[in-house]
Every structure is written in structure tokens, then in C-alpha cells.
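Have a look at the structure below, then the notes.
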């Protein structure tokens, strides 16, 4: 029994000794860990990677509550340095010192080879976009823009203005739309997960109004300002001494972010790679970044034109000038914006990114500027250096004809000015007046005059005249344009209607100085005000006006220029009468002098008719190339003149129309009125009746001649139904009595 007890005590003593030894081992290990805990906690986010091979004598694998640190240290190069009182870790004492690794052959400098900040688990909980935006920009006003869609599935649009730009979000509820608008605003200038981290990164935890629109942070005491190139590091040009005050202050904040700093100096772009022969199929964004690094692209709008089809507008500011692009994706929109900047500033055209109907809807900037200059110079010439009384105008429009995109052979064929419509009391049932005297509409009527004259030229008995005509005869009958004949419309300001009212901003030299006009009923059809300026959305389902109602004082309604130009992109410029003779004629490009927004202009001119469906042969949904001008025409202050001027190539002088009466100042009918065109058409019809497909009996009335263009009329009805189906309103027509007059030779 005693032996058993003795052996039990012996084994118990051995076990006790082993336990004590194990406890002492754990205690020593714990003390050793405590000694390096300060250094571990401080250096946990930073990982030092030597550029060369070093002899590693010791390696500790430590773990904290949120991050694992693996550290390769050269013990022979470790020095000690007291840790500032503010940098003590939890549970540590002031006597603890931290170790500072040095790189051999670098003069004892602390090398920043790759600095990584890791977001710890105890960082601030991410906040939603509304809260973040409020912290960065307090006092913002969100406004309800529109509500579309059916009652059971509404779509709300909410807008917010930040730094002079307006961001619009859409959603099934106002709250989601508001959140989406805030997200888009944040994406334009915040580069961090939440607002608090953004402030810490920029060196300020108290000022919520820091401007993040600049990529190059030049604010005092900010993150990137502390890292300056050092000329002392001759052996290691890529290494820079770290400012210990910056590191300690970053540690004291207790918020560690993830960021990797580029250690190499910014390389200058290789100009040889930018030679025209070396560009090849390179992306314009990449090429522009090599010329001007650090550019930021801002998403100005994101709209859903139809289910699962979105349209984006991106803008970039280069050398004080703003360029924008639109596309089905942000990548395509950025590419267009970069391409526009390359063309305007560096005269670089990338072969793989030349604007075309299939790839881009942007016109080369230099070509657009040339068209603008041709129109303004011609107008100056016709008004004797703008000294004529008829030189005064609010809107100037013109159409330029080119062969391809060769500006050397460009020719101004029509010019016009004006901003008013006739008064209802002056409407004519004989086609003796011009109802709409807005510059764009008068330019199109002058273009009809040009087409009639070209048809007559083709029928001339002189042998050389048919070759000078822009038309060639088709085997199956009728005529079409010669190959490579293009027409370009220039308007000094954005067309009245949705293109002007709902344009997000006017491009200026600074994105932050852009102005925004409230966008309500965006995309809706709009009508002009009788004898005045401006437009209003269409009201009610009624699509026909009555003759007697207008004579008794009812307002005469005329569709806006934006909507009429949009219809030309489906029906063509030639109208119903000329469809008896020629194929539809479309604009190749539209150049706007001021108050324009390329993305919105494309949306209202082409994208609103996405649901029009299949069109008959020779008709198409035209998508003209769009562009602004480098130097917009100055705004014309004061009241608009009550006259409209027009000119057609071959004419000696301007014709002046009284915009209130729709007739010339002398009281006679204009060369652009319906009566003149009807007589011209009747003469041509008599000569061409054997050369064109027959459509029945020869019409005797103007309205019968128009209705006789059956294909044109069916496409017209198809267009109006597409507007209604899209919820954009009903096209308002003039009283039918104004077309019920006899054709005369």
C-alpha cells in the first residue's frame, strides 16, 4: 500500500513538474509576444518586401484579431526606437520599444517598397449612399423630376445637384430613386468605401466638405502630400523615406484603409508610340491617358431607354475643356469622350474609332467647326458684314452639302433665321403663308426648294446639266441621291423643345460651372407658343385642331423643332410630295452651336423612336452624327426679331418673311410656301409621269397629292403611334382645311 502511495506521489510529482514547466513556457511565450505586440499592432497593415535577396535569421508568424502579419526581418539591421506615447497598444507600457528595419546599402533609410493598408474588422460600418453624400456635401436638395410608367409599376426620377452637375436616379420608389441619384453623385468624386474613410485618407476627419473632384490631391496635410521623391536614394531610386509623423498619425486615427502606393516615378509618355502609324487599334482612353494622365470621367446620366437597354453619358475635362460621349455602356461612352478630346486637342484620329453609324454618333470636331464657320461666314456675306438690319437674329440655321467628309468641297446650300410662328388669325386655306418661321424649319423648307431645283436640273435639255444634278435615275423608276452626297444641319443653338428644355447642362470650360435646367416631362412631345417663344408639353389626347376654333381665338398649335427634326430622322427631309419622285433624303449630321448636350440630343433625336418597328424599303431610323462646336456663338440678348430670313443657293439676296403673318414684308407669298411648292410639283409630275411608278389618277388637290404618297403616310402613322406607345404624347396636327386647295400650274 505504501509502495503504491509512494509511486502515486512520484508520478504526481512528475506530472506537477511537467505542468509547471509548461506554464513557465507559456508565460515566457506570452511575454515574448507582449514585447512585440506593439510592433505587430503597428506594423500589421504594412508589409515590407526587399527588392533583393536577404538573409532571414528569424521569422515570427503572429496573428491579431483581424489580420495576419508575416514579417521578414534582417536582425543584424534592426535598431530600437522609443514608441511615442500616443502609439502605445492596448495593455502596453511606455517602456516598450519598437524595432525599425533598415535596408542594407540604402544609407539607413526606411524604405517604402510596398505599403499596404488593410481594413480591420473594427473599422467603421459602411453607410448607405445617402448618408455618405450628406456627410460630404450637407444641405443638398433632392427634387422629384418625373413619374412615368403605369399605375401598378411606376418609375420615379429624382435628381440632386452636386458641384454644379445634376445626377438623376430612377427606381420603382422615390426612396430607391433618391438612393440611386446619391450613388451616381458619389461615384463622380469619391474613391473610397465610405465617407469617413475618405476624410481619413485625405487627412481630415472633421471637414465633411472636402472636394474630391481632383485626382491629384494638393490639399495640405493629406495622404499623398507626405510622400515626396527623395534625391538622397541614389542606390534605390524607387524607394522614398517614410515620414514617421505621418505613420504615427495614421496609426493614432485607428482606421486603416487599403491602398497600394506606386513607388516608381511617373514616367513620361512615349511620344513615338503616339505616332499615327503606331496607334493602330488602340483604345482612345489609353491614348489620352498617356498624353494627360490622371483624368477623371464623370457619369452625367444613366437612362433606360427600354427594358434592359441603357444609355450612359460620360464627360471628361482636359486642359480646361469639357468633352463628352454617350453609349450603351460606360466604356463606350468614355471611349467617345476620349476620342473627342484627342481630335480637338491633339488632332489624333484612331483608325478603329472613326465615328460611323454603327460605332459612334459623334462627328469629328474639326469637321463640325468647319461647317459652323461656313454657315456663319455665308450669313455675314449676305448681310454685308452683319451691318444689315436683317442680320439681327436669335437662331441661325443652315444646311451644308459635302462629298464624303471633305470640307474642301463643302457648299452652303441654304440659310435661315427666326424664332417665331404666325398668329392664328393669319392662317391660309390656299397655302399662301409659312406657318412656322423658326430657323430650323425654314432651313428645311429652303432645302425643299433646293431639291426641286435639282430635279429640274436633271431634266434639263443641256447635256451637262444632268451630270451637275445631285440625283441619278433608278432602273425601276424614280430618282435617288448620288453616292457620297451628304447633308449637314447647323443650328446656332439647341432646337426648341425637349432638346433645349431638358438638356442637363450647357458645356463650359469648367464642369463645376455648368448650369442645369429643371427636367420635367423629359422626352415628351412639346408644342410652340403662338406668336411667342418657348414650348409647352402637349396637352390632352386631341390630335386635330379645328379651323373655326382657331379663327374664333383658339391658340394655333405647332410642334416643336426638336420633335420635327426627330420626325425627319424617320420620314426624311423631302416631305410627302417629293416622295412621288425621289427616295427619302436624310441628314448625315447635326451640329449645335450652344445649349447642347450630345447624349440628350441623341436620345431625343433618335432613341425615342426605338419602338417604331420594321420600316418599309428605302426608309430607316436615321441616327445622324452629332457634335457641338469648339467656340459657341455668343448669346444674343434682347427680344427676338419679328422677321425670318432665308436664302437658297442660286439666289442673289435674302428673302425676308414677317413671322407674324407668314408672308413677305411687301405682302406677297414666300418662295417657301405650300402654294409655290404645289405648283412646282404639278409641273414636275407632268414631265415625270412616265418615269415614275403610277399611283392612280393624277391628283387635283394639294391634300390628294400628299395622301397619294402611300408609303410615306403609313410610315408617318407608324411614327406617331410609336410616340404614343412610349407615353410621350400625341402629335398635334394642323386643321385639314389648310391643305384643301387646288393644284395650279
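The count begins at 1 with the first shown residue.
Backbone N, Cα and C define each Cβ position, glycine as well.
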Query raised in the report: Per Swiss-Prot, what member of 438, 449, 600, 607 joins 496, 561 in binding Zn(2+) at one site?
Result: 438
**Report entry** Nonlocal residues around residue 496 (Zn(2+) binding site), in sequence order (Cβ under 8 Å, 6 or more apart)
**Finding:** 419, 438, 526, 528, 533, 534, 535, 560, 561, 562
Query raised in the report: Tell me, by DSSP, whether residue 438 (Zn(2+) binding site) is helix, strand or coil?
Result: coil
Report task. Show, in sequence order, which residues other than 438, 496, 561 on the same chain lie with their Cβ within 8 Å of the centre of the Cβ atoms of the Zn(2+) site. Result -> 395, 419, 436, 439, 440, 441, 495, 497, 528, 535, 560, 562, 564
Report task. Could you put numbers on the helix, strand and coil content of the domain 'DRBM 2' (283-347), residue by residue per DSSP? Result -> 25 helix, 27 strand, 13 coil
Query raised in the report: With DSSP, how much of the domain 'DRBM 1' (125-191) is helix, how much strand and how much coil, in residues?
Result: 24 helix, 22 strand, 21 coil
Report summary line: Cβ density check for residue 561 (Zn(2+) binding site), other Cβ within 10 Å (all protein chains) comes to 27
Query raised in the report: In sequence order, which same-chain residues at least six apart have a C-beta under 8 angstroms from residue 440 (active site, proton donor)?
Result: 395, 397, 416, 489, 491, 495, 561, 564, 565
